[in-house]
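Below you'll find the structure, written out as structure tokens, and then a few comments.
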Amino acid sequence: MVKKVNNPLKIDYQNGIIENRLLQIRNFKDVNTPKLINVWSIRIDPRDSKKVIELIRNDFQKNDPVSLRHLKRIRKDIETSTLEVVLCSKEYICDEGEINNKLKSIWVGTKKYELSDDIEVPEFAPSTKELNNAWSVKYWPLIWNGNPNDQILNDYKIDMQEVRNELSRASTLSVKMATAGKQFPMVSVFVDPSRKKDKVVAEDGRNCENSLPIDHSVMVGIRAVGERLREGVDEDANSYLCLDYDVYLTHEPCSMCSMALIHSRVRRVVFLTEMQRTGSLKLTSGDGYCMNDNKQLNSTYEAFQWIGEEYPVGQVDRDVCC
């Protein structure tokens, strides 16, 4: 984890902009709507707290797939003079017997405690201190460490020169296609970070005769990656077609292409031109799906829009799905 002051990238944390060019695309509409999860909690005598905290540190905190670092683990019950402690998420352990076995392992003899799995807590911290205080009262006491998105921005690893090179590649081809009179000057560049020289550059297939309406540049690119796998070009094949790929687009993708990128498990998408009527990444585009960061889906990917004017693209009708 790099400290903000040591980050080589210039980041505007308030507006989510990196190096004055990459605008972070996230579903900020839902970020302050708590996604509640069930956790295991235990009510104990304060004298037993040391052993329980040791169990949390040595087991639950290390192995729980859900980070609960934004929670205060302990809250006091003044009326009963007991402590209520959050142990772990039910995603980590769903069986009550397993929890009891772990608790029994830290005590000699029989101990009385109340175990519960009906406590609901926010899975993620809110973006403001005011909401943090409100959720602490309504759900469970939280720790305020600042806006969580600041850390997300700070953790991005981005080679700006590589981004420029690939966007320039896509832009040049798109302009060339438009100059040649092609109706769909959309371009996608698929880059496997582990094989950067062996990239896939895909033009929109709808410019060709006998094409299908779904032959968008993204779909053509994914298909090309699949063909390489089938032909044995990529020997280290994964179960997902484009696992951890970086994808560079001339135009904001439509819902079909955005979902195809979800299914392909790409890592990052960078696009040049937003499509206000048909796009599916920005909250202000299309129906506001924000497909890359939608809580209803089981996967996400990073998304950015290049907000500089260095890389022109071929223009398309605003109702065209890209």
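Positions of Cβ are set from backbone N, Cα and C atoms, glycine also.
As the structure is a computational prediction, the values presented were derived from the model and not from experiment.
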Co-listed Zn(2+)-binding residue [Swiss-Prot; alongside CYS254, CYS257, CYS322] among HIS70, HIS216: HIS216
Number of helical, extended and coil residues in the domain 'CMP/dCMP-type deaminase' (162-283), per DSSP: 45 helix, 21 strand, 56 coil
Most Cβ neighbours inside 10 Å, all chains, among the binding-site residues CYS257, CYS322: CYS257
Among HIS216, CYS254, the most crowded of the binding-site residues [Cβ within 10 Å]: HIS216
